[in-house]
Amino acid sequence: MVGHTKNELIVPSLSTVSSINRIKIVTQHEYFEPYPTVKDWFKKKINNPKQKIKHYFQSYLPFLDWIYRYNFVWLSNDLIAGLTVGAIVIPQGMAYAGLAKLAPQFGLYTSFIGAMIYCFFATSKDISIGPVTVMSALTGSIVDAIHRDYPKYESHIIASTLSLISGCIVFILGMFRLGFIVDFIPLPALTAFMTGSALNIIVGQIPIMMGNNKYLNTHESIYLIFGHFWKQIQHCNLNAVFGLTTLILLYLIRFICIHSSKRYPKYEKIFFFISTLRIVFVILLFLFISWLINRHNPDHPRISILGKIPRGFQNLGIPYIDRTLLNALTSYLPSTVIVLLIEHIAVAKSFGRINNYTIDSNQELIAIGVINIFGPFFGSYPATGSFSRTAIKSKAGVRTPLAGLFTGLLIILSIYVLTGIFYWISQACLAAVIIHAIGDVIVGRETLKRFWQINPIEFFIFLFGVLATIFSTIEIGIYITIISSIVLLLFRMAKVHGKFIGRVEIQQMKLNFNSYSHITTRNIYIPFDHSDGSNPNIIPISSSNNGIFIYRLNESFLYPNINYYMEHFIEHIFHETKPDKINRYNSIGEQPWNLKINHHSEENDQRPYLYAIILDFTGVIHLDITSLQNLVDIREQLDSYANKKIHWHFVGLSNPWMKRALISVGFGSSDQDHTTFSLAKVHDRNEDVILVPILDINRPFFHIDLDEAYEVAMNSLNQQEISVVSRDDMT
């Protein structure tokens, strides 16, 4: 930071103080910052429109960017991963269809569409699209509710229409690049919804697994189902043997494979595939047992079995929709869209970070939208990303999204060839598969402990969301967690804290063995209340003794928080300074009714007069009309309080539109000749050092850092005091 000098200077070399070499330094003061205009903004946004339009439509089919590089190595990995996921999704799809209150074949249809279509629109290689537990359970509750009110609509028609409409909404969100709205759903809300839904599903599946579901009303809240289950425990039958044994075997195989892979790392890949395909092995085992005990009397089986599953796609056609059904579904669309979005995007981002690639949230919304739009033409219900199958697909070594084609081909094979075998599958075994799959979604003790340690308020949001899901419905649990999270966000925006700060000179030291060496000295600015965790024994230098106040804003300066910011700001200034006149009113009758009595006498008041305000806008990225008008009102209030024009300095204005806004209402410029500003040292082609201004010198109250603003304010104050002394001497 230097003073206003001549255009050429001869100064000692900056490389060494003792050197007598001299270099040529040229200062350039002519820098005028180009402030933004609406015309320039539009020109920047629509620059090269043909290329942007072309890129926009090409982004709809991201597979075009990599398909021409497809090779045999990718093919072999995708084939293994795709077939592995296909073997898993077939029994899972039929099980999850039961959650959706649909026949098993609809789970296969949904699995096929998700696998086949997603690969053309995907930006994630790992995601497996298809039926998932939470979305299936939500679909089932919606199907039940509408079917009770409108019995004329078949369950699969309701589910397909729900998929079509929600798919259109999600597609529109992606088309208009609104994927960022998913970021407004925080982790506690997501985990609460997943945990509550998992508990809801588990409790709903236990009666099916134990065989006494016919004696219960499964449409009740889960706490009622759980209580009634124990009342009807005597009605459990042979299904309980199948279900419990299936569940125990699934956990036992996983436990053995995990510990065996650690003990024998050489065979880790083998143990992985055994663990991954354990559902297939166990289902086949109990399918064989079911066939043995029921083959002589298939019409009256001793356990609950799936029964006849039609071969092929029996529900191909245009989805049915009318005004009545559309109106009935309207109230359920928000929760459906939310589940489609958050479950898919959360899984995609998670595995993108694990495998070191990024996803395009907007394109993922388009992919989900397309799948759920075209799926109903094949008879599918709402589908989204599955965490468990995605983890399997990733661990199996998938290389591209094309692995979904192999998954889809295996599903087609099962639809046309294996439906006769599916007849004997035990429903209790499928319920055990669901319980086993959804159990991993429940938040563990360590995660709960971390939530509590990080933020107790968000921990209670999580807790209330889980309880709402347990004692009401999944939809209400979703709404409560999201609304409470948004309310917390708005509260934090409105109740942000600004801090008055002071300067501290610090010395950076380096430890060399048993001694310290000095590296550099610099200034930092810390809050007077040490709320940032700084050492309370450090007392910052207070510029308020001279009537100069430094105020740091920690968030954007917007209409929700402007009053909270400025109330603290004004109150502190009035407390630390004295007005130009203690008594501005000639009589009591002229005083306003809400005037606060000042207990400081004019003779003994040692407080300074207000001179300047320094606002640290380093943390501010947005400034709106309401907050700016409030700032103008406060400027007028303080000018009246001090009976003079107060200097306002702004530091760290990173957005040129904020500078434009401040200039438009009179901030940033001054009638006085300020001669202190910051120059940057650069080298030209001749190795001459050129000092150029960092900011526009015609805006002397916009500063690059707090040191510059502080020194400018202090220099201006000193010049004013010298001027006053000179006038007194002349008098």
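Cβ from N, Cα, C; glycine included.
What TrEMBL says about this protein:
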DOMAIN    538-713  domain 'STAS'
TRANSMEM  79-99  transmembrane segment
TRANSMEM  106-123  transmembrane segment
TRANSMEM  129-146  transmembrane segment
TRANSMEM  158-178  transmembrane segment
TRANSMEM  184-203  transmembrane segment
TRANSMEM  239-258  transmembrane segment
TRANSMEM  270-293  transmembrane segment
TRANSMEM  365-384  transmembrane segment
TRANSMEM  396-415  transmembrane segment
TRANSMEM  476-494  transmembrane segment
Top partner of the transmembrane segment (396-415) among 79-99, 158-178, 270-293, 476-494 - counted as Cβ pairs under 8 Å: 79-99
Stretch of maximal Cβ-Cβ contact with the transmembrane segment (270-293) [cut-off: under 8 Å; candidates 106-123, 129-146, 184-203, 239-258, 365-384]: 239-258
Listed stretch, out of 79-99, 106-123, 365-384, 476-494, that has the most CB pairs under 8 angstroms to the transmembrane segment (158-178): 365-384
The transmembrane segment (79-99) in contact with the transmembrane segment (476-494), cutoff 8 A, at least 3 CB pairs, sep 6+: no
For the transmembrane segment (106-123): best-contacting stretch of 129-146, 239-258, 476-494, by Cβ pairs under 8 Å: 129-146
Intrachain residues whose Cβ lies under 8 Å of the transmembrane segment (476-494), provided they are six or more past its termini: 184-186, 188-189, 192-193, 196-197, 334-335, 338-339, 457-458, 461-462, 464-466, 468-470, 555, 558, 560-561, 564
Spatial neighbours of the transmembrane segment (239-258) far in sequence, C-beta under 8 Å, 6+ residues away: 208-211, 271-272, 274-275, 278-279, 281-283, 285-286, 289-290, 303-304, 426-429, 431-433, 435-436
PLDDT averaged over the residues of the domain 'STAS' (538-713): 81
